[in-house]
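To keep things clear, I will list the structure first and then write my remarks on it.
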């Protein structure tokens, strides 16, 4: 079976009148097809008059032409006329071959919905983010939303108490202010109360720095300075004095007699005994 037979069977066209493949040419021909072609040429199964259509020559196997109505027609005996006719009908219904009768117009300023338009002097923050998830009504064009939609004035259910983690509220209690999802005016609150109530207390680390300095004076007195600085910046200095130790412990050399310092005293010690003995 040739590729052309598969293509024709896929689209449901009738079977061929010969074993020759005029559409794909020699791509699917083999030796058996060549022998069949020679036999058919001898028997004259393909008449010369079958090719003469719309001025086509007998040697031509495939062709197409354009009709005045704008359609395209294939010439040949393989059922392409029905295929092209079906495609023309499909695209004509879809409007793919026809241009729009009028050009598209750009929307003008009058196409805007007057209900969504902001009031004069009203900011986008006040209209969109003032009460995002609360049950309080919004204000559009000076009219409350509850007046326009009475059924929307129902209070919103408290989904926080029914959530999957509502049992953890006892462990980590949540204040009512944290549950309220509203866009608060922080500028006026800061100007009135300051940043203290708004900022959450942060945990602080405590540390202490201790420095000790000892000074030994010439008389042997030891002076000790103990300075303690805590995390708050407070400084406390304590000074202690320690008296000198015993002279026998502090001075390793024994005291010398004052007589040894005088040379006459030394001579008196050495020669005095000799003269006194005489």
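Cβ coordinates are placed from backbone N, Cα and C, and glycine is handled just like the others.
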Which range is region 'Required for ITGB6 binding' per Swiss-Prot? Of 89-98, 269-278, it is 269-278
Taking DSSP H, G, I as helix and E, B as strand, the region 'Involved in GNA13 binding' (175-246) contains 12 helix, 26 strand, 34 coil
Averaging pLDDT over all residues of the region 'Mediates interaction with UCP3' (209-278) gives 75
